Amino acid sequence: MNPIVKQFKYGQHTVTLETGAIARQATAAVMASMDDTTVFVTVVAKKDVKEGQDFFPLTVNYQERTYAAGRIPGGFFKREGRPSEGETLIARLIDRPIRPLFPEGFYNEIQIVATVVSVNPQICPDLVAMIGASAALSLSGVPFNGPIGAARVGFIDDQFVLNPTMNEQKQSRLDLVVAGTDKAVLMVESEADVLTEEQMLAAVVFGHQQQQVVIDAIKEFTAEAGKPRWDWVAPEPNTALIEKVKAIAEARLGEAYRITEKQARYEQIDAIKADVIAQITAEVAEGEDISEGKIVDIFTALESQIVRSRIIAGEPRIDGRTVDTVRALDICTGVLPRTHGSAIFTRGETQALAVATLGTERDAQIIDELTGERSDHFLFHYNFPPYSVGETGMIGSPKRREIGHGRLAKRGVAAVMPTLAEFPYVVRVVSEITESNGSSSMASVCGASLALMDAGVPIKAAVAGIAMGLVKEDEKFVVLSDILGDEDHLGDMDFKVAGTRTGVTALQMDIKIEGITAEIMQIALNQAKSARLHILGVMEQAIPAPRADISDFAPRIYTMKIDPKKIKDVIGKGGATIRALTEETGTSIDIDDDGTVKIAAVDGNSAKEVMARIEDITAEVEAGAVYKGKVTRLADFGAFVSIVGNKEGLVHISQIAEERVEKVSDYLAVGQEVTVKVVEIDRQGRIRLTMKEVAPKQEHVDSVVADVAAEENA
């Protein structure tokens, strides 16, 4: 085995690509490394197309092995299970820029498997996996119009940083991943701390320029180690069939695409499609190979041609709007009475019901990653049920798309969330998509912002999101604001921007064609800003600022500080004290190592009671101070009295009364309340008490015992 190795410098890191030694039965395999973070990527491509296949079956699997970080998995089975949310998101990150680079009509099945086998805690494996997948596809010989490069861009001290380390990312105001070919950007995924449109565009351009090093290196690597290019030729278009479909459907489709209401339009289009299939199938000559799939493909291409040509010609869009008009907005807040915060955001035929829930720190999600555990205090979940598009379907665990859309919406809102110090709650937002016709993820951003404000979460600013589209024919192009589902499907770009009045918080871009210039992206960003400001204006009319107080049904969190040395006293032996406090008052208590105590309670009186009891437990006994106490036990030499914080002191027999006391039990009884003064606290912390001068003359024990018994029976 003679492995072929390509090594090059990429920013501050060294990238190594190796092939020829491992997984030699795969179509192509590459071991990609960046400073000790290593991802093994394989590509298997089938030579034959499955019969009846009418779409491109590309699958990307990304999997992290815990041995990569020198760890053994937790859980009963002690092995990796189904993909985590993070693994799913990285699989999508690999898929999105490579999918558009396969030619139209290529339906051979391809599976890419990226396995993280070694991890440097400072280098995230996602970029390494993307570079490895690009290299493996380039080596495989399949008709892939790559390679692609990938870059992460940070923004630290007003400077762009290429591929920042994990430590550098903590200081960065930007986390942007950009992928593209040598000619054009294909994908952007980013989260920002309210940067301007100009800064975001500059970051995309910077990342695309820097990744040319990767593209050049992969081209050299392919020249040395690549397999022969497949002699795949795109199938010749069936001109006669295309003309038949046009003759039957073109005029009727043109009319259908003037129906503005989605369901009515879809019914009309489905009826036309059924007619086309029925007519052509009936006319098929014996031995002629015309499948229903081919007819549908031509029909879809005709739909695309009609919609796109109208937009390029400057005609109104499908629903009658101009290119930069946002659909009608409708906003309601506080729609669910017992939730902590809720809102319904409707934009045309897209609608999101967003609900915010406040919880305590123990509700934080513990995420077990390769580099160790971390806790997440802001959770965002996106649900896309089939009824939202008028269909039936399975309902179960979230699909890849739901996970991806949820993460994008979370990125849009994360920059304006308060810190734990400012607002000591764990916050969960759930976006239920109840109607969908384009850009439900951006509706989720708007709905989440409204629900958080309704819940009284002190977000720094309202956030809105908008999806932009593009239709480009040769040198002519039109940028569309607030795209419909059809415009997304039939257009050349899906460009989503979320942000506040002052800047961008998230940007996601997927481009299906080459030739998108910085000029086009600048126009799209400017048009998106106008649309975003319009939406924010409507949102601010509905709820101008976060509510002054949280919901009556949300837990109130009260914070107090105690001496860290006293934490053990509040917890008690085996947790007995803190358990009694929570059970008796119906509160939950969290104590940090620095002595910060957080008490969560729906009822304010319960919280005040707990705080008073904790103050009592942690109070320092002072020499010379007078306290009320309770006799806990008697001895021949005196009585033990419990004072503040359940601390016991001894009243010596000589300190019980002014006169001589022969027998302690003649003066005191267990359970009796007495007033005592602290005489001394010795070096061992033992407390000496006296009842002289501070206590009234002690009565005879018979009356004392009677009083105690009466109290207990009361």
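Keep in mind that glycine also has a Cβ here, set from the backbone N, Cα and C atoms.
What Swiss-Prot records for this protein:
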BINDING   D488, D494  Mg(2+) binding site
DOMAIN    555-614  domain 'KH'
DOMAIN    624-692  domain 'S1 motif'
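Most Cβ neighbours within 10 Å, among the binding-site residues D488, D494: D494 holds that distinction in the structure as shown. With DSSP states grouped into helix (H, G, I), strand (E, B) and coil, the domain 'KH' (555-614) comes out at 32 helix, 16 strand, 12 coil. Residue counts of the domain 'S1 motif' (624-692) by helix, strand and coil are 9 helix, 33 strand, 27 coil (DSSP-based).
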